[in-house]
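Heads up, the thing below is written out as structure tokens.
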Amino acid sequence: MQLQGLVFVFTIGILLSRVPTGTVSAVDPEVNMNVTEIIMRWGYPGEEHSVLTGDGYILSIHRIPRGRKNHFGKGPRPVVYLQHGLLADSSNWVTNIDNSSLGFLLADAGFDVWMGNSRGNTWSLKHKTLSVSQDEFWAFSFDEMAKYDLPASINYILNKTGQEQIYYVGHSQGCTIGFIAFSQMPELAKKIKMFLVLAPVLSLNFASGPLLQLGRLPDPLLKDMFGQKQFLPQSAMLKWLSIHVCTHVIMKELCANVFFLLCGFNEKNLNMSRVDVYTTHCPAGTSVQNMLHWGQVFKYRKLQAFDWGSSEKNYFHYNQSFPPSYNIKNMRLPTALWSGGRDWLADINDITILLTQIPKLVYHKNIPEWDHLDFIWGLDAPWKLYDEIISLMKKYQ
């Protein structure tokens, strides 16, 4: 892998040597900032909190307790929790400019905004007893995110704010773990006022794109290719590429196309001046086991717990020889859902099936021209989506 990386960097260097001078844009300062620094750069108060899960992981949660102009409002603010998708982190909600990022818009609308980070991403790489160098640290998938991360994060927020309920907004895998947690743990579901679902991925029957090709490979081969620990974390090489490649006018489009190749194409709706910021925060990493789990969702055509590879191991974990399926029909939360017509991962045909399984669906909107990333980075997201989210949450106060 190291040799391939050197060859790639060398090739990029040759390409850049042929790019005319004067075509390099300035590096955005947010490239070198953490999430709290990005929040504060735009004039908002920013906080970082540490949450201990039941199985010993230490997660970071970022908070925007109020907007820029409503410092002195009386009484507690309604709380909203934002949960990122696969290979992402809390920065997703604040890496557009202030009037285009959901995190900032919610704060200005009077909400107390909390942004989670799943175990294994850039901001959640700690454990009480385990080190990231140990295989045991990485023995998790979205099962554990639903079983441990969400309850710990939600209960921490409720204890900190004194609230009894929160709004939950999920994107992609952030929806997946919400559906699992709220259908499996009714006591946790009682703490959610409304479930707002953006581009949910629960099945991959109709999904497409290069990322899905990994799901066709046998698990042992994937482990040989990627190991058993971390998958696609932020790294020094990625940051170098973001700063030295993605700031070139000609190369920005190439950097953006990496995202489009994975998620679907809607080139005109991405703020190209922010590409270097996006790529220095995403991908943010996950475990190889989590990627194997998504491969199993693709192969088995259903949402179920992780298959440990043998009847004996499954029996040890589940008291049965095969992994149990998740029944989201058990979830009884008011749910609003938004989908995209060009979304390769949350395909509209999978969404159509999902809609029939949500007992308390209160709203659905499909945006025909949107891909998977428009929900977090789309230039038109403020008026096509975020205004509706804010209106619905205020309606359900």
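Cβ atoms here come from the backbone N, Cα and C positions, even for glycine.
Keep in mind that what you see is a predicted model, and the values were worked out from it rather than measured.
Residues or ranges marked as signal peptide by Swiss-Prot on the basis of sequence analysis: 1-25.
For N34 (N-linked glycosylation site), no same-chain residue 6+ apart in sequence has a C-beta under 8 angstroms from its C-beta. Taken residue by residue with DSSP, N34 (N-linked glycosylation site) is part of neither helix nor strand, so it is coil. Annotated N-linked glycosylation site per Swiss-Prot: N34 (among others), in sequence order.
Along the domain 'AB hydrolase-1' (78-378), the predicted structure has mean pLDDT 93. For 78-378, the entry in Swiss-Prot reads domain 'AB hydrolase-1'.
Secondary structure at N99 (N-linked glycosylation site), taken from DSSP and collapsed to helix, strand or coil, is helix. There are 11 other Cβ atoms within 10 Å of the Cβ belonging to N99 (N-linked glycosylation site). Summarising the annotation, Swiss-Prot assigns N-linked glycosylation site to N99 (among others).
When secondary structure is read from DSSP and collapsed to three states, N159 (N-linked glycosylation site) falls in the helix class. Per Swiss-Prot, the feature N-linked glycosylation site maps to N159 (among others).
The annotation active site, charge relay system is assigned in Swiss-Prot to S172 (among others) on the grounds of sequence analysis. Listed in sequence order, H84, G85, L86, A88, L198, A199, P200, V201, L345, A346, H372 are the same-chain residues six or more apart from S172 (active site, charge relay system) with CB atoms under 8 A from its CB.
The feature N-linked glycosylation site is assigned by Swiss-Prot to N271 (among others). Applying an 8 A CB threshold to same-chain residues 6+ apart, the list for N271 (N-linked glycosylation site) reads N96, I97, S100, W377, L379.
A sphere of 10 angstroms centred on the C-beta of N319 (N-linked glycosylation site) encloses 8 other C-beta atoms. DSSP assigns N319 (N-linked glycosylation site) to coil, not to a helix or a strand. Feature annotation from Swiss-Prot assigns N-linked glycosylation site to N319 (among others); the stated evidence is sequence analysis.
Annotated active site, charge relay system per Swiss-Prot: H372 (among others), in sequence order, evidence recorded as sequence analysis.
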Next item on the list: May I ask for the distance between N99 (N-linked glycosylation site) and N159 (N-linked glycosylation site), taken between their Cα atoms and rounded to an integer number of Å?
Entry: 30
Next item on the list: Could you work out which of the recorded positions (N159, H372) has its C-beta surrounded by the smallest number of other C-beta atoms within 10 A?
Entry: N159
Check: Between N319 (N-linked glycosylation site) and N159 (N-linked glycosylation site), how far is it from one CA atom to the other, in Å?
Finding: 34
